[in-house]
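*Asks:* Once you've had a glance at the structure underneath, I'll fire off some questions.
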Amino acid sequence: MNFSRRRFLRHSALATTTLIAAPAVFRSGAFGAENPIVVGSLHDQSGPIAASGTPMVYALQLAVDEINAGGGLLGRPLKVIHYDTQSNIQMYSQFAQQLAVKDKVDVVHGGITSASREAVRPTFDRFKVLYFYNVLYEGGVCDRNTFCTGTTPAQTVEKLVPSAMKKAGKKAYIIAADYNYGQITAKWMTKYVKDNGGEVLSTDFFPLDVTNFGTTISKIQAAKPDLILSALVGGNHTAFYRQWTSAGMKGKIPIASTTFGLVNEPTTLDAAESDSILGSYGYFEELTTPASKSFVEKIKKAHPDSPYVSELAACTYEGAMLWAEGVKKAASIDRMKVIEALESGIAFDGPSGKVSLDKPTHHTTRNAFLAEVKDRKWSVLESYSDVKPADTASVCDLVKNPTDTKQYIINL
Amino acid sequence: MAIYLIVALDVLNGISSLFLLCLGLAIIFGMMKIINLAHGEFIMLGAYATVISANAGVNIWIAMLIVAPLFVGLVGLIIERCLIRFLYGRLVDSMLATWGLSLLIIGIITTIYGNTQQGVPTPLGGFSIGSYQSSYYTLFLAGMAIAMMALVYGVMRYTRWGLIARATMQNPAMAATLGVNPTRVYMSTFAIGAAITGLAGGLVAPVSGITPGMGGAYVAKAFMTVVGGGAAMLSGTMSAASLFGAVNQVGAYFTTPVYGEVLVFMAAIVLIRLLPQGISGRFFKGNL
């Protein structure tokens, strides 16, 4: 091949120009024409928490699709950038950085466990990216950049404990998972049992890999409580309900739980093992309101194999919609303008009913429901409208301290 | 008084389920010196084989006692032929390979069945002692532990095949000169170890939560028990399972479940410090 100096220079100059120009050309091709608003999503679609994360991704996608079908926001379409965090906290930290720095998203919806939320929240604070956490949790997060749309114990445990005590009796035995959620929830249970004139006989915590509950079942029998309050978490802990039934205890002492049935327990357990367990959440798939029915129908139509559509999915959908209302009201995508709009009493009628954002806490005032398992489904017994996040409100006031970024441990 | 009986049953339950969950590992690790980190996933496969066949209409006892060990034994056979046979004598490599294998098995099961699986109810029901309730299934597990122990002992001690297997594990070169084919013995021993693990998985299926990651809860305790037991496969595993099972249950009863777990790990550390060769390195020398 004849390779002259001149030809070599010409070729390399051409190649260099192409290389340098490429990103600009691709960029304007991909973004320039439509210029979408970018929504970040961090949810676990694999690993132990996948059964919780999967319907949340479906719900977020549904909300974004609906907004886009209605013409987008501010005349711009929405685009979701989703990362599967694989039930791994390290992945949360890594992808949070990536969303903030590389993808330059306008808002992030995501985080499932409290540990994952606390891993990503400081990142979004630092890079000034608006953050929505759409999961029920132990309460107390006080951060102007963060909105928590799920329920907190004052909204659910407060309803669950008295109605269970009314049915069963005053003496309770608490069993809970041994990490921050279980520990804090057990404190709330104790508080509400005492507030209602009852007594807690004992509180037992279980590491997440405990599979044998034989001694606990014996201890419960020896203590003779009227009622068991459970905040057990995860696949290994469902063994408790099995072993409880196999010992013939089912139906002898009623069980109420703050975690049972949030994901898939009623479908994995036999009817004999799960019947008549009480639970309380901000949403149940079985709600018969038109908004709820159409929400479930849309998700199941798009994803026929979707796991149970719980509060997690409903709050994610409502969180995305609340954010969209905020953007509409602010008429801007600027972070501070959107936060101020969201603080101005934004509300949205979602699958669970009316949800409104509370200015001083950045939590939601929403409906709560009490239900009982019947034949592997929830049967909703009672609903409570407009329940306030009173627990977080007792420690957090973002109107007075707008620079606060703490999660308060609520003293009981 | 009745409460002591109930606690004694809890202890029996702890010991027998720990023994059943460890026996397959004791054969694979104790006899063949293969560190099988996919042991937990063999248990999970046994549990899945049981619940899926039971939900498909197979009798629960057949699903537990026949389908689970056959299926996992077959899986073990395939794995031995494709992977393990290249790793004999390579301890560290076998750890890495079987750890990868465990991730692969979890991935495959999650892809096929998802993260949610309907379990099976516990058969047999409960009985009462005084004002306390317990489950017949506990007694059944204890019976199965004794039966498995007798079976493995009988085969190893009194059959020609057991003799050949023990000889091969002790000195493969000498066994080969005497006309035994060590490759075949290794293959069948691994498959039998896997089958026993599958049986244990089937037996715990009705009393545990069935998820693709459930094996993780068992694998550490199983290794601890087998190492604590030492070289003698049966007597070592049985004595270590009795010690750890009893410590766990009694500890959990008198303190809290958290300390029950802590006490087991402490007992294991003390045991290995005092008896570095395991229990059977000191007390049951030369036994099976």
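Heads up, the Cβ atoms here are built off N, Cα and C, so glycines get one too.
As annotated in TrEMBL:
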TRANSMEM  B:6-27  transmembrane segment
TRANSMEM  B:60-79  transmembrane segment
TRANSMEM  B:91-114  transmembrane segment
TRANSMEM  B:134-156  transmembrane segment
TRANSMEM  B:186-210  transmembrane segment
TRANSMEM  B:222-246  transmembrane segment
TRANSMEM  B:258-275  transmembrane segment
*Asks:* Who are the chain neighbours of the transmembrane segment (B:60-79) in space, where the CB to CB distance is under 8 Å and they lie at least 6 residues beyond its ends?
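*Replies:* Residues packing against the transmembrane segment (B:60-79) from afar: 38, 42, 45-47, 49-51, 53-54, 101, 120, 123, 187, 190-199, 201-203, 205-206.
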*Asks:* At least three Cβ pairs under 8 Å linking the transmembrane segment (B:222-246) and the transmembrane segment (B:91-114), pairs spaced 6 or more in sequence?
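*Replies:* Contact between the transmembrane segment (B:222-246) and the transmembrane segment (B:91-114): absent.
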*Asks:* Quick test of the contact rule: Cβ under 8 Å, at least six residues beyond the ends. What residues does that give for the transmembrane segment (B:186-210)?
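*Replies:* Residues packing against the transmembrane segment (B:186-210) from afar: 17, 20-21, 23-25, 27-28, 31-32, 34, 36, 39, 42-51, 60, 63-65, 67-77, 79-81, 84-85, 88, 117, 119-123, 137, 141, 144, 148, 152, 165, 168-169.
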*Asks:* Give the one range among B:6-27, B:91-114, B:258-275 whose Cβ atoms make the most pairs under 8 Å with those of the transmembrane segment (B:134-156).
*Replies:* B:6-27
*Asks:* Checking distant contacts: for the transmembrane segment (B:6-27), what same-chain residues at least six beyond its ends satisfy Cβ-Cβ under 8 A?
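*Replies:* Same-chain residues near the transmembrane segment (B:6-27) but 6 or more away: 36, 39, 42-43, 129, 132, 134, 138-139, 141-142, 144-146, 148-149, 152, 189, 192-200, 203-204, 218, 221-223, 225-226, 229, 233-234, 236-238, 240-242, 244-246, 248-250, 253.
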*Asks:* Same chain only, please: residues at least 6 beyond the ends of the transmembrane segment (B:91-114) with a C-beta under 8 Å from a C-beta of the stretch. Say none if there are none.
*Replies:* 33-38, 40-41, 44-45, 48, 52, 79, 83-84, 212-213, 215
